[in-house]
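Pulled from TrEMBL, these are the features on record:
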DOMAIN    1-372  domain 'Amino acid transporter transmembrane'
TRANSMEM  20-42  transmembrane segment
TRANSMEM  75-94  transmembrane segment
TRANSMEM  114-131  transmembrane segment
TRANSMEM  143-165  transmembrane segment
TRANSMEM  177-197  transmembrane segment
TRANSMEM  209-232  transmembrane segment
TRANSMEM  252-280  transmembrane segment
TRANSMEM  292-312  transmembrane segment
TRANSMEM  318-338  transmembrane segment
TRANSMEM  358-378  transmembrane segment
Amino acid sequence: QGIFVLGLPYALLHSGYSGLFLIILAAALCCYTGQILIACLYEENEEGQLVRVRDTYEDIANACCKKLSPNLGGIVVNVTQLMELSMTCILYLIVSGNLLSHSFPYVPVTEKTWSMIAFVTLLPCVFIKTLKIVSKLSQLCSLVHFIIILVVMAYCLTQIHQWLWAKFRLSIEFEDFLVSVGVIIFSYTSQIFLPTLEGNMKNPEEFRCMLNWTHFFACVLKTTFALTAFLTWGEETKEVITDNLPSFLQTLVNLCLFTKALLSYPLPFFAATEIVYACISRGKHCNYRSPLFSLGVRGSFLLLTLLMAIFIPHFAHLMGLTGSVTGAAMTFILPSLFHLKLQWKKLSFLEKCADISVFILGFLCSLAGIVCSVKGLLEVFG
């Protein structure tokens, strides 16, 4: 449940009844692509049993492209993953600065300075070595997220006497609808982390069940939250729903969001540095896991995210452009393509049709997102 959830009521404003359908459809599609991605990690042995023969997204890509080039697929996937993970880390720093500046408007400090203060609190991330530590921080992040959701929904329920179903629209504008599609779909994305997550589970055979239930509950929570918030504010719904709250609640929620942003940072940070380690160590005989080397890689990546958050102008539009390419690729295009390539002979006709449909949908989402982002950049640069 990422920060994208807070934009779902705004997405409903522009998508109407179709937005509710999209929230459910996106949950089903993202759950499906997560399952087929993990299926690509396994092959049947001589006894007909499934054996995990690959460990990462990169391994799957290399297996698909081995006839063209042994490492081509891995390079494409690693670059795509690093771009998306880096953008996510930078986003959290930008959001942290923005939230602190709005929480303490009377303090004469710029948003960039607040981002640097947030950066200082993230310095302990350089000492994270295992996914177990990240999972504990993510659990705290989830608790903070639920507090935010409960505060917003509790306030909305106090305004239930003002709810009007007539606020929902049937007619929609195409460009606004595309924005809603992007917000809804990318609030579910988690494919980058799934191979590592499944590999670290005590009972990997429960992965499919876990994925089904988590996406089901995410769908229920997103639908309930988006609907109650939109019915409360209607046409006045803002891009980030917390901006609609009264000032006394807004400060509290902004501080919770700041805490959530800091607790969310370690997961993409850990995943990104693991990719960097693997790339640097390949073909070398040095001890790349030495403490000094680890600190150097983590510290450099941490500093890089700060510098990009501070010095790159119009980063939000650039991130939208990058996210349209990397998000759709990692969530829809590549999982369906890899599944078709590696397991074509084992797939039924319906499974092949499903994979092809997901691939086409991912391509269209990516194309639409690129058009909207480029248009936004052109308007910004005049």
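In case you wondered, yes, glycine gets a Cβ from its N, Cα and C as well.
Counted as Cβ pairs under 8 Å, contacts with the transmembrane segment (318-338) are highest for 358-378 among 75-94, 114-131, 252-280, 292-312, 358-378. Listed by sequence, the residues of this chain that lie at least six past the ends of the transmembrane segment (114-131) yet keep a Cβ under 8 A from its Cβ atoms are 93-94, 96-98, 100-101, 196-197, 200, 258, 261-262, 265-266, 269-270, 294-295, 298-299, 302, 306, 309-310.
Using the rule of three or more Cβ pairs under 8 Å, pairs at least 6 apart in sequence, the transmembrane segment (75-94) is in contact with the transmembrane segment (292-312). Tertiary neighbourhood of the transmembrane segment (20-42): same-chain residues 8, 12, 50-55, 57, 59-60, 63, 180-181, 184-185, 187-191, 194-195, 198, 207-208, 211-212, 215-216, 218-219, 222-223, 226-227, 331-332, 335-336, 338-339, 342-343, 354-355, 358, 361, selected by CB-CB distance under 8 Å and a gap of 6+ residues from either end. Of the Cβ pairs linking the transmembrane segment (177-197) with the transmembrane segment (143-165) and spaced 6 or more residues apart, fewer than 3 are under 8 Å, so the two regions do not touch. Within the chain, the transmembrane segment (143-165) has long-range Cβ neighbours (under 8 A, six or more residues past its boundaries) at 1, 5-6, 221, 224-225, 228-229, 231-232, 234, 241-242, 245-246, 249, 252-253, 256-257, 259-260, 263.
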